Each structure stands twice: as structure tokens, then as C-alpha cells.
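A quick write-up on the structure given underneath.
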Amino acid sequence: MHTHTVSELAAALAAGEFSSVELTQHYLDRIASLDGEINSYITVTPEAALAQAKQADERRAQGEVTPLTGIPLAYKDIFCTDGVKTSCASRMLDNFTAPYNATVVQRLADAGAVMLGKTNMDEYAMGSSNENSYYGCVHNPWDKERVPGGSSGGSAAAVAARLCAAALGTDTGGSIRQPAAFTGITGIKPTYGRVSRYGMIAFASSLDQGGPMAASAEDAAMLLNTMAGFDERDSTSANEAVPDYTADLNNSLQGLRIGLPKEYFDEGLDVDVRASVEQAINVYRALGAEIKEVSLPNTNLAVATYYVVANAECSSNLSRYDGVRFGHRCDDPANLEDLYERSRSEGFGNEVKRRIMVGTYVLSAGYYDAYYLKAQKLRHLISDDFSKVFEEVDVIMGPTTPTTAFKIGEKVDDPVAMYLSDVYTVACNMAGLPGMSIPAAPVNGLPVGLQMIGNYFDEARLLNVAHQFQQQTDWHRQMPAGV
Ligand code: GLN
């Protein structure tokens, strides 16, 4: 059953080949036998999952069905889940049980989807390797000595090892696309505002966006249909009609204009990854697309700009964890200051502390203009680069990451090297554009991601473009050995 995509599972459930209870039990059994070595879940909720599955089967019997009824999913542990531990992979929230559901979680539950559990991640979604988790690193199912990418590494590994039918991730600077690339799955970060952030624990509010991580573009489209849409509880949520993302999947790509930014194919790109991406572009040529070189001239400023903006916002967002209202509280505080200081020192891990310090620094009175204001200006230039390119092309394509998955431990002592691995993904968030990663031909047995960036609210086109590739190739069907 687990080799099926969500759309195939939906068809099999509709045909009565198996029940949601049987399917859910199958995934729970797989998690129990395989996740010890992968560590993709922080919390598994077998009883609640089986109860939801039973309800889904009952609803189906009464003819109340949506395409996601009875489909077992996993949610990154950044999404609040009513009555279920929601830790953000931090010691700070190790004792936190959310009192309500995030909007996307509620929408999926209303659609009849089943929650298997909560997936591992980098603490507060800060990281590119899933090594910054209080619950230990996640192992890439393709090579367990390698990282699955981050910060949605648990969701990515769980989908890749088929420990769920699909999962939710969040992407602030690449955290859906980069782990999707490293684990050979399909992930889409929608336009900023397309998916509600209500109940999604904040890292950098002007960049964060939730999205689906799945085995195929068609599956991602099915999830996005339920996730997307206006939410009055999120003031940045877009009040735009939601198209049926599955409706255009089979549109022809004849005449599609694809732009390849020359800055995404520079010396920093691994030669084998480049060859794999070029091979993927040739598939589009054969499908009738027109390929042209374009330029995003401020790409070299993207990583530095991102790490100023994201850290500034994180330092502000994380100030709420003070040991008073919720989360970790130190023992026997001597006074209020001691309570703040020790609760935060004990609750946060090193990467989170590093970012709070950098963020506080760039926002401080003496440095605000030199760093934060400057970064805001550069953010505009980076967005303008994209606007100009979208006057000439429909979709931008390139590699998702400069290399395939790196070894666990390889970059932990060098935060700057870690940050540079985000070079192709962060600009898309700063512009608020939708971006996607789909599997291209692997290199030395490790997955490679083809990234595509679309214009605002053009998710349907990205999904169409991705789906057509997946009709021609079967990289997305490949599974790691031993799972
Ligand atoms: N890797 C980037 C970071 O560490 C992106 C994280 C994310 O998208 N949540 O900030």
C-alpha cells in the first residue's frame, strides 16, 4: 500500500480495496519497524490516528467523501495540534501541548485526513540539515550517514521512506524545497499568504509559509487544494480565490517559457548536480518548452540579506518564550531576571541562541540602519530581479541545492558553510514567490532536486509543469533501498 501515491490511495480506498483503518495500521507498523533508524517522527499518535481512520471509513460508508478522506499524513512539529505535543523540536516546548489546531491541520482534519504524528525538524525551523533538533538528527533514508536536509527534514524523510502518504512542511528560506531535494520527493512552498500561518509557530513571519511534501506533484496539488485559502485569523493571508490545483495538471507545455538564471549555474554548483538538472531541462525541451538564459543579478546578496532579515524577525518572535506563560521554566529562580535568563538559556539550543543574538544586534539602535534597513532595501532589489525576469518567462528553473545531501556532522562546526547551502532557495522567500522542488536524476545514488519558481499565485502552473515532468520520468517513483 505504501508504494501508492495519495491519488492512488484515494482511488483504492474508494474502490474498497482496503479501509483507512487498514491503511493507517500499515503506516503505523512501518513507523514502528523502520523509524528507529531514521528518527523522522517526534511524536506518533496511533490511537488518535486509528480513531480518525475509523471515522473516515464511517464517513465514506455514508457517502461523505473528499479526495483526502482516510489518507494518513504527518505534520511537521511546528503546526499546533489540539491536545498533542507541539515541540518545534525545542527543549523550550518539550512540555507544550497545543490547545488548538493550526488552520491547515483543522482543514485537513475536516477533509477527513488522518494524522499519524508529528515530524522531527530543526529547532524552530532554523537549519538546513535537521541536526539542530532537541530530539536528535534525522537520517536520510537514501544513506543513513547523511542529512535529510532541513528544516522540514523529518517530513521529508518520512515521505521518502513511505512512513506516511504525504506530509506538511514549512519554508522560510528553503525548508520544504531543500529537504525535498535531498530525499527525492516533491515539495511546494506556495506564494506568501496563500496558506494560513495561524497556529504555525513563527520563525520569521514575513518569510514563513507552509506547504505540502509528497511523492508526486499530483499529490501536492491534492493537499494544497485543502490547505490553501483565506483565513481571517491570519492578517497576511491572501483573500484570493483558490483554483482547483488538480484541474490543470495535464495542460500541454508547448510554448512554455522557462528561464535559467545564469547565477544558479555558477562555480558553486556541483558538476554532477548540474548535469542532472540539465538533463531535466532537456525533458522540458522535448515537451515543447522554450528555454532561455536569464539573470537574477542580486543572487550573491541573497544569503546575507536573508540571514539579517530572518534573524531579526526570529529574535522578536522568540522573545515570547520567557519562562512565564508557557514552555520551559528553570527550577527555583532567584528573581524575574534569573527566571528569564535561565529559562531561555536552558530551553534554547545553540543555533537558536546564535540567531537571537545576531537578530538582536542587527535591530539594535546603533546598527539598525547599517544592517536591518540595508537588508530591507536589498530585499526589494532581490524581488525586483524576479519581477523583471517574469516579464520574459513563465517559470524559472535551476538546481534546488548546490550539492546532494551532505554527511551528518560535515557542516555543524561551520555555520556559514551551512548557510551557503541555501543560496538557491532563500531569494524566492524574500520575494514571497511560490517555489517547488521535484526529483531529477540521482547522482551516485543520492537524489537531486530540480527547483522551479513561479510568479505570484501561479501554483497551478508550477504543479502542471512538475506533473508533466513526472509523466515523462519516474525519479519520483524511486524509493530508497531497505525501506
Ligand atoms: N535553512 C534556512 C535557515 O536555516 C531556511 C530555514 C527554513 O526555511 N525554515 O534559516
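Cβ coordinates come from backbone N, Cα and C, glycine included.
Long-range C-beta contacts of K76 (active site, charge relay system), restricted to its own chain and to partners at least six residues apart, with a cutoff below 8 Å, comprise K118, T119, M121, S152, G154, S155, A167, L168, G169, T170. Annotation comment: TrEMBL describes K76 (among others) as active site, charge relay system.
The active site, charge relay system feature in TrEMBL is assigned to S151 (among others). Under the three-state DSSP scheme, S151 (active site, charge relay system) falls in the coil class.
Of all Cβ atoms in the protein chains displayed, 37 besides its own lie within 10 Å of the Cβ of S175 (active site, acyl-ester intermediate). Look at TrEMBL and you will find S175 tagged as active site, acyl-ester intermediate.
The domain 'Amidase' feature in TrEMBL is assigned to 22-463.
Cβ neighbours of S151 (active site, charge relay system) (same chain, under 8 Å, six or more residues apart in sequence): M121, D122, A125, M126, G127, S128, N130, N132, T170, T172, S175, P179. Contact annotation for active-site residues (K76, S151, S175) versus ligand 1: S151, S175, each with CB under 6 Å from a ligand atom.
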